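Engineer: Once you've had a glance at the structure underneath, I'll fire off some questions.
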Amino acid sequence: MSTPVNLDTIRRAPKVLLHDHLDGGLRPQTVIELAQRIGYHDLPYTTPTELGKWFVASADSGALERYLETFVHTVAVMQTREALVRVAAECAEDLADDGVVYAEVRYAPELFQEGGLSLDEVVQAVQDGFRDGERRAAEAGNRIRVGTLLCAMRQNARATEIARLAVRYRDTEVVGFDIAGPEAGYPPTRNLDAFEYLRQQNAHFTIHAGEAFGLPSIWEAIQHCGAERLGHGVRIVDDIAAPGDGGPELGRLASYIRDRRIPLEMCPSSNVQTGAAESIAAHPIGRLADLRFRVTLNTDNRLMSDCTMSSEFAELHEAFGYGWADLRWLTVNAMKSAFIGFDERLDVINNVLKPGYAQLVP
Ligand SMILES: O=c1[nH]cnc2c1ncn2[C@@H]1O[C@H](CO)[C@@H](O)[C@H]1O
Ligand SMILES: [Zn+2]
């Protein structure tokens, strides 16, 4: 008898998460407590339930720019070492509690300097917090490893500085780099120096591309910048013909991405909120998975989407009838695409994922 697929059983399956924003995943209660501590009075609500609902409703805006406005409040309460340590520790605990065994969590250090912290102090605080959270999760019986990606914000001009920061901390679980923020008007090629530097350093990076903007952004990210993975990348469907259209199914860019096994960090709930997809059922993840792109499933912002890795998969189960073999495929895809070493990835696949799914997949 195979195990039924529901939120409870999905939570117990080992999962891997590659695209999750630290400042998009705070517990509502923590936002409130941190705001009280520093005398921040601009929160729209001060009870966790109402505040949580406010984040989701406001992020549900149909446009990336408006969605990003909700980060003003989370960023405002994360300006001290104490706050950063706490938020990172709770992030690791929450992910582990949801059955995530390996995660890459990202944030932009340049946003947390309003209280006078240096970039180095920001990174050290977050790394300390993740180590605390991993320890506390282990004590609760949940094993997790958290790697960090440092983001540069597309609208600022600090990408090379942040890339250097990422390389400086590469031996302390900072495993890569990303650019985030508004996509339209800020093509990834604005930051070519940073990507050139990272390639020279044999360092890893992904780029948010093809979320709010189309194919040119994806093409630049891959062919000019050299991104190893794509954050979202949903618009790659614009280079794929509808079934029955005649002609080649995949255009040259879509073929390249599939042939090279370039991982797509897909975040269905977030995309529905920003208008990048109409609904989960209409989300390109279904088509891209059928075509065997290297699809991975992610949360993006757990606070703004009121989601978890498990709830995201439950949505796919509802919309596409996905079962354990599909969850295993998405999970192994993600682990293959992680920015840690090959032997470490293999170790998780062979010793954590395979035994975990052996019990679930009939
Ligand atoms: O889906 C997204 N697309 C682009 N940028 C994003 C998305 N979600 C969050 N951020 C941005 O990334 C920063 C660092 O974590 C956040 O502060 C937010 O501005
Ligand atoms: Zn994102």
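Backbone N, Cα and C atoms are what each Cβ position is placed from, and that goes for glycine too.
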Engineer: Return the residue out of His208, His224 that TrEMBL annotates for the same Zn(2+) site as His19, His21, Asp300.
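Structural biologist: Of the residues offered, the record points to His208.
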Engineer: Here the recorded positions are His21, His232; which one has the lowest number of other Cβ atoms no more than 10 Å from its Cβ?
Structural biologist: His21
Engineer: Would you mind ranking the recorded positions Glu211, Asp300 by how many other Cβ atoms sit within 10 Å of each Cβ and giving me the lowest?
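Structural biologist: Among the recorded positions Glu211, Asp300, the lowest count of other Cβ atoms within 10 Å belongs to Glu211.
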Engineer: Measuring CB to CB from His208 (Zn(2+) binding site), give everything in the same chain under 8 Å that is also at least six residues away in sequence.
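Structural biologist: Within the chain, His208 (Zn(2+) binding site) has Cβ neighbours under 8 Å at Arg154, Asp178, Ile179, Ala180, Gly181, Glu183, Gly231, His232.
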Engineer: Determine which residues of this chain, when His21, Asp23, Gly181 are set aside, have a Cβ within 8 Å of the centroid of the substrate site's Cβ atoms, and list them as they appear in the sequence.
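Structural biologist: So the extra residues in range turn out to be Leu22, Gly24, Leu68, Phe71, Val75, Arg106, Tyr107, Ala108, Leu111, Cys151, Ala180, Asn301.
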Engineer: Using a Cβ cut-off of under 6 Å to any atom of ligand 1, determine which of the binding-site residues His19, Gly181, Asp300 qualify.
Structural biologist: Gly181, Asp300
Engineer: For ligand 2, list the recorded positions among Asp23, Gly181, Glu211, His232, Asp300 whose CB atom is within a distance below 6 Å of it, in sequence order.
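Structural biologist: Asp300, in sequence order.
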Engineer: How long is the line from the C-alpha of Asp23 (substrate binding site) to the C-alpha of Asp300 (Zn(2+) binding site), rounded to the nearest angstrom?
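Structural biologist: One finds 10 Å between the Cα atoms of these residues.
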